[in-house]
Amino acid sequence: MVRVLGFLSILASATLAVIGTVLPRAETFDYIVVGGGSAGSIIASRLSENSHVSVLVIEGGPSHENEVDLTIPYIYPRTFHSRFDWNFTTVPQPNLNNRAPIYPRGHVLGGSSSINGMTLNRAPASDWDKIASHTGDRSFRWENILKYIKKNEGFNRPPNTREYANSYDTSVHGFNANKIGNTLVTDGNWISEPSLGAASEVGISHVGDVNGGYPVGISWQQFSTKGGARSSAATEYLNARILKSRPNLKVLLNSFVTRLLPTAGSNLRFTTVEYRDASGATVTATARREVILSAGVMATPIILMRSGLGPRAHLQANNITTVLDIPAIGQNLQDRIGAAAVWMVNATDTDDDIDRDTAVFNKWMDQWNHNRTGRLTQMSYRQMIFGRVPNNASIFSTMQDPSSGPTCPHYELYPANKWTSPTSPRPPTGHFVTMNIFVSASNVRGTVTLDPTNPLTGNPVIDPKYLSSEWDRYVMRDAIRTSARYFNAPSWKKWNATPVFDTSILNDDDALDAWVSSAVFGGVHGVGTARMGPTNSPPGQDVVAPNFKVKGVSGLRIADTSIFPFVINGHTMGATYAIAEKVSDLIKSGN
Ligand SMILES: Cc1cc2nc3c(=O)[nH]c(=O)nc-3n(C[C@H](O)[C@H](O)[C@H](O)COP(=O)(O)OP(=O)(O)OC[C@H]3O[C@@H](n4cnc5c(N)ncnc54)[C@H](O)[C@@H]3O)c2cc1C
Ligand SMILES: *[C@@H]1O[C@H](CO)[C@@H](O)[C@H](O)[C@H]1NC(C)=O
Ligand SMILES: *[C@@H]1O[C@H](CO)[C@@H](O)[C@H](O)[C@H]1NC(C)=O
Ligand SMILES: *[C@@H]1O[C@H](CO)[C@@H](O)[C@H](O)[C@H]1NC(C)=O
Ligand SMILES: *[C@@H]1O[C@H](CO)[C@@H](O)[C@H](O)[C@H]1NC(C)=O
Ligand SMILES: *[C@@H]1O[C@H](CO)[C@@H](O)[C@H](O)[C@H]1NC(C)=O
């Protein structure tokens, strides 16, 4: 009881001292960070380590503190369509039978890292090397980015038992206990044996560490959890302890940024932020040094366009005066689409009963509350497979390999220990394993544009153009066929793995494509809407230079997933953390 009260009182004073919703007019700051999300929380935290520098974060959502749905890993999908989600959807997608999948984004301190699935990847080495050669900046190379990845990480070694032999490599991890936790699932269950066994039976190689830069093969998943709970950019970088101890750092919550304004005296200096504060008033704040825009892959391009930075014709159509014509803003949206294929198994220890039987759920909930162990400390995943279509695949007679190199994945598969298909409901009985299938190295490019009926406060119009490339269809087919071979291997047959879908589609490309159109649930790994390019690329072709500064204007950097020039061939959170650490370092060192 005493402990709980102590905890609450720290929070309460933190709320009064440094978290607010309305800013006293007279206050000014060196840096303003727009969006306290995955990248923004880290940048604000790092910059304010210097007590002589003042930092303001303007975040659209509420606090993450004391929110059960943001804390207990297993129940994270409860955050979709909650007050922690911006509730975006795509426009109807012609290749998905005109469905318009949801596009969740975190609307809370910590951003999407407060609501996401916690799979911690950091992109393959060749992705970073490709960014380095594209930008002409060697500091993005894998061997150079690794120091930022480690700086951000607190790796937790799994138990020293035979089960976890060869499941991780300490040389590629950071061990900073107060940074993002990185944990293997350690609550034993039946699925590792068939999952690993079947892989070796069908010739999928074992990878010693999924985050060692060379992920192709089967490996243990790593998760951004710590002590049985979510570890996010907010819990580690903008928690109550940090906020309380730093008078030079302020966080405004529930404050919606509408646009950036040219700062008096120069029409190309963008250090003034206009926002609607929690009282509903529209106000501005001006940074003495810089604004860092970290509102994420959807909101960052929208805020830029509202500020007169973007494709001229589109701004004109929305009655926005163009300050600088930057055609690349809102273009080049790349993502990794996902679909789920379900197999029935005769195991009894799947997570299906947790979801459909309240008594089972409550039992695990009691255990989580008791000592933060058990099934709710994890999602339903243990291993993941990154694969490539064969080198002699017919697609390569018409298309060059769009991936970043021979060690870059073309697809990702990870089995869930339950029915998770978001496009069809779980049957009332039975036990299932769902293969989640993601396409990588996609060459589809979609768009994010203003809502013409409400350019100043409307939601982004998101058109990812899902499945508009033969590559994405081809890889989907290959990945589904690979997963069927995998479930036919002896180790899965021991569990009587039986497909729940009609397997005749496996022999018919058109039927398989039709199934994919009905099954794809969209992506959550969007990048590229404010992409980075070489320092000297022609104006408007790219949005930011390798130092994250917006080309053609001053006082403004962008640092979030929107800057990646190409799709990240893994889950995006880890790569975002790396660039947040990198940009913080650049700013602190005066570059
Ligand atoms: C449901 C879901 C599951 C995912 N699962 C995984 C996973 O398992 N592993 C993984 O690696 N990646 C996952 N991702 C992707 C990953 O979380 C994101 O790519 C990454 O967190 C994005 O970081 P960011 O800093 O670019 O944006 P965000 O973290 O989204 O931050 C943007 C911030 O800006 C704020 N903001 C936006 N607009 C405004 C405005 N107008 N005014 C003020 N504030 C604003 C937002 O509220 C938010 O706090 C998932 C994403 C989602 C949504
Ligand atoms: C998202 O939708 C939910 C459910 O309708 C709602 O409660 C929540 O306020 C919405 N989020 C935002 C940011 O408006
Ligand atoms: C732009 O302005 C014109 C003329 O005032 C108006 O008719 C039109 O609806 C406006 N368009 C938008 C997107 O606001
Ligand atoms: C946690 O509590 C459960 C009972 O709720 C118990 O079975 C388990 O051994 C405990 N684990 C630890 C590490 O204390
Ligand atoms: C590719 O090579 C494999 C094994 O070498 C062979 O079985 C397969 O038929 C080839 N595929 C094509 C499309 O040539
Ligand atoms: C599951 O099915 C397989 C194959 O039919 C069988 O050998 C095995 O004994 C079954 N296991 C259980 C737990 O029922």
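Each residue, glycine too, has its Cβ placed from N, Cα and C.
Copied over from TrEMBL, here are the features:
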SIGNAL    1-17  signal peptide
DOMAIN    29-336  domain 'Glucose-methanol-choline oxidoreductase N-terminal'
DOMAIN    445-580  domain 'Glucose-methanol-choline oxidoreductase C-terminal'
ACT_SITE  His525  active site, proton donor
ACT_SITE  His571  active site, proton acceptor
Distance from His571 (active site, proton acceptor) back to His525 (active site, proton donor), taken between C-alpha atoms, in Å: 6
Number of Cβ atoms other than its own within 10 Å, given for His525 (active site, proton donor): 25
The domain 'Glucose-methanol-choline oxidoreductase C-terminal' (445-580) - residue tally per DSSP class, helix then strand then coil: 49 helix, 21 strand, 66 coil
Chain-internal residues, separated by at least six, CB under 8 A from His571 (active site, proton acceptor): Gly117, Thr119, Leu120, Asn121, His525
Across the domain 'Glucose-methanol-choline oxidoreductase C-terminal' (445-580), average pLDDT on the 0 to 100 scale: 97
